[in-house]
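Swiss-Prot lists 11-98 with the feature domain 'Phosphagen kinase N-terminal', giving sequence analysis as the kind of evidence. Taken from Swiss-Prot, the feature domain 'Phosphagen kinase C-terminal' applies to 125-367, supported by sequence analysis. Annotation source Swiss-Prot lists ATP binding site at Ser128, Ser129, Arg130, Val131, Arg132, His191, Arg236, Arg292, Arg320, Gly321, Thr322, Gly323, Gly324, Val325. What Swiss-Prot lists as phosphoserine is Ser164, Ser178, Ser199, Ser372. If you look up Swiss-Prot, you'll see Thr166, Thr180, Thr313, Thr322 marked as phosphothreonine, on the strength of similarity to another entry.
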Amino acid sequence: MPFGNTHNKYKLNYKSEEEYPDLSKHNNHMAKVLTPDLYKKLRDKETPSGFTLDDVIQTGVDNPGHPFIMTVGCVAGDEESYTVFKDLFDPIIQDRHGGFKPTDKHKTDLNHENLKGGDDLDPHYVLSSRVRTGRSIKGYTLPPHCSRGERRAVEKLSVEALNSLTGEFKGKYYPLKSMTEQEQQQLIDDHFLFDKPVSPLLLASGMARDWPDARGIWHNDNKSFLVWVNEEDHLRVISMEKGGNMKEVFRRFCVGLQKIEEIFKKAGHPFMWNEHLGYVLTCPSNLGTGLRGGVHVKLAHLSKHPKFEEILTRLRLQKRGTGGVDTAAVGSVFDISNADRLGSSEVEQVQLVVDGVKLMVEMEKKLEKGQSIDDMIPAQK
């Protein structure tokens, strides 16, 4: 799929209604918000780095969405996108993040000691635990918009920072372009590496340009702390391990992430953050904490229960298939994670996962014995 809004200035030769995209068959947040009037109002605006409204919406125009899955349908190209195009982004953010208003403030809490429990999820059911987030480096444009030189500068800065980590975080960087096909596939299968850029969302937004130039993965020596460089975000920071010790996974996540943040600050490149949106990331769905705390959990009986979906909704959790977004569950193993990102803290979001998964495992055990779980259905969180 070709990408390029290089003729944005040229588009202004045509009337706004002649350029307005056909969104009649679309089911995404952008299409819900973008009226012809709003398009007209914003189409000649651009951010200081030159990102325009057409750049913001292209991925949502090319990917109408799914009848049952509401995609976001837009991206930011730089930190200023959320301000310059706030008339589009604010209603999308409010819709996507449970009514989070333009006046609301986000809260951050990376003190792992505030998490209660989490070290006792039953490993017979909980096969692995992971926490991830994204970070954007101030002073650079985001992946949908950055140039080759800029992307390489982000990689250089990131590798220098990561290579200075010590102790349990000591590790090594592996650039994508020097990996063999086999090495890449092995890392993807082990859930360590991002997939090749075949996702239409990635392609249509321009994030896959120049692939695999300046992309790579850094991980510590025992592969429990990983950083992806220059995929959908400048950095994706991941803490993971087999089994159900979410407490330890979250501790390593918080400690490692704060170490990295400190190094970037000292280098004069703090992460993009503001008190309204929290951590600023490429996709509006990740604003706030950018955090997804997830477990792979085996729920052979509960997943067939008529109230499974309702239970997840009430616990503020979401399910994905075993291989992540848009994949099926293999052997009744689901990827269960927090549904929220914005308006609540990292600790609160992981707490919901820990408490919710614990309850679902108890339910699964009851159903195995042929007992009813009706008295265990939780109230809406």
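Using the three backbone atoms N, Cα and C, a Cβ is placed for every residue, glycine included.
Swiss-Prot feature annotations superimposed on the structure.
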residue : record           : DSSP class
Ser128  : ATP binding site : strand
Ser164  : phosphoserine    : coil
Ser178  : phosphoserine    : helix
Ser199  : phosphoserine    : coil
Arg236  : ATP binding site : strand
Thr313  : phosphothreonine : helix
Ser372  : phosphoserine    : coil
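It is 19 Å from the Cα atom of Arg236 (ATP binding site) to that of Thr166 (phosphothreonine).
In space, Arg130 is the closest of the recorded positions Ser128, Arg130, Thr180, Ser199, Thr313 to Ser164 (phosphoserine), judged by Cα positions. Cα of Ser128 (ATP binding site) to Cα of Ser178 (phosphoserine): a span of 29 Å. The two recorded residues, Arg320 (ATP binding site) and Thr313 (phosphothreonine), show a Cα separation of 13 Å. Around the Cβ of Arg236 (ATP binding site), a 10 Å sphere holds 21 further Cβ atoms from the protein chains shown. It is 26 Å from the Cα atom of Arg130 (ATP binding site) to that of Thr180 (phosphothreonine). Most Cβ neighbours within 10 Å, among the modified residues Ser178, Ser199, Ser372: Ser199 holds that distinction in the structure as shown.
Taking the C-alpha positions, the distance from Arg132 (ATP binding site) to Ser178 (phosphoserine) comes to 25 Å.
The modified residues shown are Ser178, Thr180, Ser199, Thr313, Ser372; of these, the one with its CA atom nearest the CA of Thr166 (phosphothreonine) is Ser178. Remark: Thr313 (phosphothreonine) has Gln380 as non-local neighbours, by Cβ distance under 8 Å and separation of at least 6 in sequence. Between Thr180 (phosphothreonine) and Ser199 (phosphoserine), the C-alpha separation comes to 21 Å.
Across the recorded positions listed here (Ser128, Ser164, Thr166, Thr180), the residue whose Cβ sits among the most other Cβ atoms within 10 Å is Ser128. For the pair Ser199 (phosphoserine) and Ser178 (phosphoserine), the C-alpha distance works out to 22 angstrom.
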